[in-house]
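Asks: Here TrEMBL flags LYS109 as active site, N6-AMP-lysine intermediate. The NAD(+) binding site annotation in TrEMBL covers ASP30, TYR31, HIS32, TYR33, ASP34, SER79, ILE80, GLU107, ARG130, GLU164, LYS278, LYS302. The Zn(2+) binding site annotation in TrEMBL covers CYS393, CYS396, CYS411, CYS416. Here TrEMBL flags 574-646 as domain 'BRCT'.
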Amino acid sequence: MSQTRMNELYRKIAYYDATYYGTGRSEISDYHYDLLYRELVELEQQYPHLVSPNSPTQRIGSDLTEGFLKYTHATPMLSITNTYSKEELEKWIHDIQKYGALSCIAELKMDGVACALHYQDGRFIRAVTRGDGTRGDCITENVRTIRTIPLQIDAPGFLEVRGEILMSYPRFHHLNKELKENGQPPMQNPRNTAAGTIKLLSPQKVARRGLDFHAYALLAEGSELSHSKNLEKLKHLGFHTVIHSEPFAKPAPLLSFCSEWERKKENHPYPIDGMVIKVDEINRYDEIGLTAKSPRWVRAYKFAPDRGITEITAIDAQVGRTGVITPVARLRPISLSGTTVQNATLHNYDEIYRLSVNVGDMVTVEKSGEIIPKVISVAEKRTTTPFELPFHCPSCHSPLVKEPHTVALRCVNTACPAQRFSFLKHFVSRAAMNIDGLGPAILEELLQRKMIETPADLFKLTKEELVPLPRMGERSASKLLKSLEKSKNAGLASLVHALGIPLVGSETARVLAAETGSLEKLMNMSCEELEKIHTVGPEIAASLFSYFSTPENKSLISELKNLGLRTEETSGKNSDTSLEGSTYVITGTLSEFTRAEAKKLLESKGARVTSSVSRSTTALIAGENSGSKYTKAESLGIPIYTETFLENLTKKTPH
Ligand SMILES: [Zn+2]
């Protein structure tokens, strides 16, 4: 029964992973996906002996790597000669015909990070970055977490698959939203984010980012005939291949395929920066040969990012939730990448001086993909004076403060209306208290009428006060009050997140809630105690400590509590006895837990932790440098888990 359900869950999760890959959009909500995933984790905890090594839960690696090992590519990963000109591309397709009747394939040039995957007798064994083309970094454990890479394929012998590690636009926007909620600077583009992610030293963090892989080459015995056949084979093996054309001998259909994608690129969920055109007949590659740096049998046609010149009509200051001021350039409207662009980011005030730009100058603006347009350079200098830093907050007019060691300007007035507005917007958002019926317009209205100042005031609103508001009425007022009432039970994790403590996002809030069980306990913890909590580093600990030491914050919390908001985690882990009756042994060095933490975690779920492996051991949890216990467990046929098992135990169980 359990085995049947587990197999069903494997299939379902694999299906959703695969469909997510193809479109970058999920067929199932994150919430329902998580439910399936958690059900599987729970079944696996209940029946550890039934866990398959191919289970989706086993994808999350756990070994902390000290830097990255280097690996020499058997076949160098050469760079490709680029052109931005269709005419040059056409000439190349034409010229290549001097080697005889050849056909070419055009494929999307994905804007990610090139990577080679190695398989031995069907098993994924290694992932190597391009590096300098000859030698790359081994990022095996990180790549193992990418759900769309099959860990087991049906192919004998050694096989290398090359492709691009990518982040989709939806994922990228989601990540930036999270960073913004945490008061951290946003990532610049999906490519840089993917490149940074695969070099993270924690596979768990990599797994959470949701990277993807698009394959574009197969190197294996018997794969030397044609590129198009190899792409077919990769699909059969379970890889997602780059979108490509049929093989054509004439330039015209290839060029029109390129033009079609240059038009459509904006609507694709993954970043594309051009097209790659390859000769299909691999058996002719040696004959066609290489130049000093790149093969002659392939060309890249790169899309020029959409740029235009327009005038800066204003540079406005925007006030964030924590008071950080961001300059935004207002532009004379210009059409780029099929959209009308009126605003462009200037990142921070140092950027304004670096560009030497002021209101009235003509600037070059660039927009590529779904990225926020940015000012690249001054195209025509029309002003003679430098831009003057704002001295006062545009909202409350209090003097701005330049933060030491950062380029940020801040409004430090906690009563600042713009900050209050940003804070309230965050507090009621879906990821926080999830209060329906409090859109920006209503919040603005309530603030302007001085009906609210802090989130606590929201819970004091009465029907009599609400009904007369514009666009409100009897029904909406009742609905809003109901939604406010319901949110009082949102739970500790949501509340901690909603407080908007710098660096504390939804993920950290969830861990804090699970570990402490009550807001009172969390508030009274020292920096040292906070740092001991899994995933809380010194910076987050300091931020929490300073937040809870501030009198205004203390009074807000006690007010919220008096208004009936739940500040305790009722479904605490103490009631969880899912591991009762089982015995675990821990060996080796764990990366995310200390031994004591791991022991405490297991015991909190009712398990026993012993020091030696015997026949009565339920499973061994092995970290890095596991020794004799590992060998003994193997010889006794006792299941061996990675740290992932512990990670999964810390995940919240569904209500
Ligand atoms: Zn202000």
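The backbone N, Cα and C atoms fix where each Cβ goes, glycine too.
Walk me through the surroundings of each of these features.
Replies: For the recorded site, LYS109 (active site, N6-AMP-lysine intermediate), the DSSP three-state label reads strand. Cβ environment of LYS109 (active site, N6-AMP-lysine intermediate): ILE272, ASP273, GLY274, MET275, VAL276, ALA300, TYR301, LYS302 lie under 8 Å away, each six or more residues apart in the same chain.
Under the DSSP three-state reduction, ILE80 (NAD(+) binding site) is assigned to coil, being neither helix nor strand.
Taking Cβ-Cβ distances under 8 Å and a sequence gap of 6 or more within the same chain, the neighbours of CYS411 (Zn(2+) binding site) are VAL319, GLY323, ILE325, CYS393, SER395, CYS396, SER398, LEU400, VAL401, ALA418, GLN419.
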Asks: For LYS278 (NAD(+) binding site), which residues of its chain lie six or more apart in sequence with Cβ-Cβ distance below 8 Å?
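Replies: Those within reach of LYS278 (NAD(+) binding site), by Cβ under 8 Å and sequence separation of 6 or more, are CYS104, ILE105, GLU107, HIS227, TRP297, VAL298.
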Asks: Averaged across the domain 'BRCT' (574-646), what pLDDT does the model get? Just tell me the whole number, please.
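Replies: In the predicted model, the domain 'BRCT' (574-646) has a mean pLDDT of 80.
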Asks: Can you tell me how the residues of the domain 'BRCT' (574-646) break down into helix, strand and coil by DSSP?
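Replies: Per DSSP, the residues of the domain 'BRCT' (574-646) fall into 24 helix, 16 strand, 33 coil.
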Asks: Test of understanding: give the count of other CB atoms lying within 10 angstroms of the CB of CYS416 (Zn(2+) binding site).
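Replies: Neighbour count, Cβ to Cβ under the 10 Å cut-off: 20.
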Asks: Setting CYS393, CYS396, CYS411, CYS416 aside, what same-chain residues sit with their Cβ within 8 Å of the center of the Cβ atoms that define the Zn(2+) site, listed in sequence order?
Replies: VAL319, GLY323, HIS392, PRO394, SER395, HIS397, SER398, LEU400, VAL412, ASN413, PRO417, ALA418, GLN419
Asks: So which of ILE80, ARG130, LYS278, CYS416, listed as binding-site residues, have a Cβ under 6 Å from an atom of ligand 1?
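Replies: Within range of ligand 1: CYS416.
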Asks: Quick check for the class: what is the C-alpha distance, in angstrom and rounded, between ILE80 (NAD(+) binding site) and CYS416 (Zn(2+) binding site)?
Replies: 53
Asks: Helix, strand or coil: which one is ARG130 (NAD(+) binding site) in, per DSSP?
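Replies: Note: ARG130 (NAD(+) binding site) is coil by DSSP, not helix or strand.
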Asks: Determine the most Cβ-crowded residue among the binding-site residues ILE80, CYS393, CYS396, using a 10 Å radius around each Cβ and all protein chains in the structure.
Replies: CYS393
